[in-house]
């Protein structure tokens, strides 16, 4: 009887540990609702002293360099955030040797960033955007974590709804984060389209016998057509030959700024003429909102994941590297 008395609390403790571990990986899809995240955080909070898998909210807010209000992601993070959230700086976790913005960091650079954020490989990370934009740069950070093989990563759909549903927030500076040692991962290069690969696709556009790789461009219609300027001064607007313009805002609800339901997303891609049986490369200005399209494709289960890539350098690299004699920057007259 005495032994049973000792084992019973031990078993209860083990069950509690197992339940919390399950809670940390219980999300049923890549997109997570505010309610789901709130419940998961209550079961597996990001405690620095816990050695168990945790749920980590990660703010990835970012704004265009020509933002009229001069906002920064760090500004809105300090102003209002999910309790215990960390901040991923999209302008710093990059390839610092590249002349193009937001290019993927090295494996060592990624591991260093995760270590500094106190994120462990076994943690479930839920990434979110600013309240103002709803969905914008978080999918880029989610895609980056997938490229480097983080096992459990999700996108909150979204912080705007989190606020409207009255869920808890905090504000002010974050002074202490328990750093860790994140293992150096291997990059999944099959998820990344290079300039050379996209260049070949553009050269072969509409040629008989070409593979039929489709390039989706998430920029605004004005930038894609060449009628409006790029946000980066001196960069020509326009589009790649054969590219399909699907502005990233088209896959979001205009009121909630959240991703549209899967059936609506399928309709959008089908109406735009995208063939799910052919390879797809998503592009944009600097590889940020291209990941909004990639996330929408994933949510709609549109196209094989093995045949979908994101063009890391996107239009900023393209417009600076193609030669004028190639006529690979097209405009709508």
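Placed from the backbone N, Cα and C atoms, the Cβ positions cover glycine too.
Annotation comment: TrEMBL describes 77-171 (among others) as domain 'Rhodanese'. Applying DSSP to the domain 'Rhodanese' (77-171) sorts its residues as follows: 29 helix, 13 strand, 53 coil.
Per TrEMBL, the feature domain 'Rhodanese' maps to 209-327 (among others).
Positions annotated as region 'Disordered' by TrEMBL: 220-240. Residue counts of the region 'Disordered' (220-240) by helix, strand and coil are 5 helix, 1 strand, 15 coil (DSSP-based).
Mapped onto DSSP classes, the domain 'Rhodanese' (209-327) shows 44 helix, 17 strand, 58 coil.
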